[in-house]
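What TrEMBL records for this protein:
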DOMAIN    8-36  domain 'C2H2-type'
DOMAIN    33-61  domain 'C2H2-type'
DOMAIN    69-97  domain 'C2H2-type'
DOMAIN    97-125  domain 'C2H2-type'
DOMAIN    124-151  domain 'C2H2-type'
DOMAIN    152-179  domain 'C2H2-type'
DOMAIN    180-207  domain 'C2H2-type'
DOMAIN    208-231  domain 'C2H2-type'
Amino acid sequence: MHPEACIFKCSVCDAVFKTVERLESHLNTFHPYECGLCTKRFKLQGMLREHVSSEHPGQSDEQSKKCLFHCDICGKELPSKPALRVHRVDKHGNEQHNCPHCERVFRSKPRLRNHIYAKHNEKTVCGICGVIVSSRKWLSNHMKLHEDNKPYKCDICYKRFNAHYTLQGHKRIHSDEKPFACSLCSKSFRQKSTLRNHMVVHTEDKTYSCGVCHKDFRHRASLSKHRCIDT
């Protein structure tokens with residue numbers, strides 16, 4: 001490597017690079033912790049704390065934390081914007097979240113929740129755990145799961161449930177009852193939702209479509225595994 005070609009220099013260790021991308025990668029790998037008060041960088045978080053304590057004694061940890069970058073998917077704090085970008089690609093690159101009301105696909109749950117509140121009239125996001133359901137009725141049923149009491153008890157194994165329909169579905173495990181029969185083949189199922197998913201096998205129609213590339217799928221699960229992500 002010719003010295004004149006090395007135009008991007010690391011301000012911490014004087015290493016030199018041909019491109020700014022390589023310099024950024026070097027900084028994120030070897031000096032990832034950046035002081036939010038003077039932009040000096042360090043290899044270890046402990047070194048950053050020591051620096052803040054000695055060089056910025058009048059500044060609190062809370063003030064320096066304000067300069068950290070937070071991942072909106074998992075909440076992890078990153079010391080710089082480039083480090084946040086690397087983290088999102090490495091840890092959440094293949095994650096996607098489907099809107100239950102339309103065909104939009106999002107990279108994070110917060111973006112999906114914002115979309116539902118903005119674009120769909122029914123607010124179907126649980127305010128306690130953030131789960132997304134398809135209607136207000138199902139949200140009402142879901143909210144019972146957060147109640148402390150479980151009034152519905154199985155008289156066979158004594159397991160308790162928040163909702164009556166959950167108990168009914170559970171009891172079919174003991175009886176091996178499969179009341180939901182397919183009209184086109186000999187298969188039967190314990191749950192109506194399982195039968196509904198099964199019926200797609202008997203038709204060429206593909207009912208779930210990617211809102212980004214418009215590829216069609218027979219099952220919502222197949223669409224969920226699809227890697228075309230809305231940016």
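A Cβ is built for glycine as well, from the same backbone N, Cα and C atoms used for every other residue.
Secondary structure by DSSP for the domain 'C2H2-type' (33-61): 12 helix, 4 strand, 13 coil. Break the domain 'C2H2-type' (152-179) down by DSSP state and the numbers are 12 helix, 4 strand, 12 coil.
Mean pLDDT, taken over the domain 'C2H2-type' (208-231), works out to 67 on the 0 to 100 scale.
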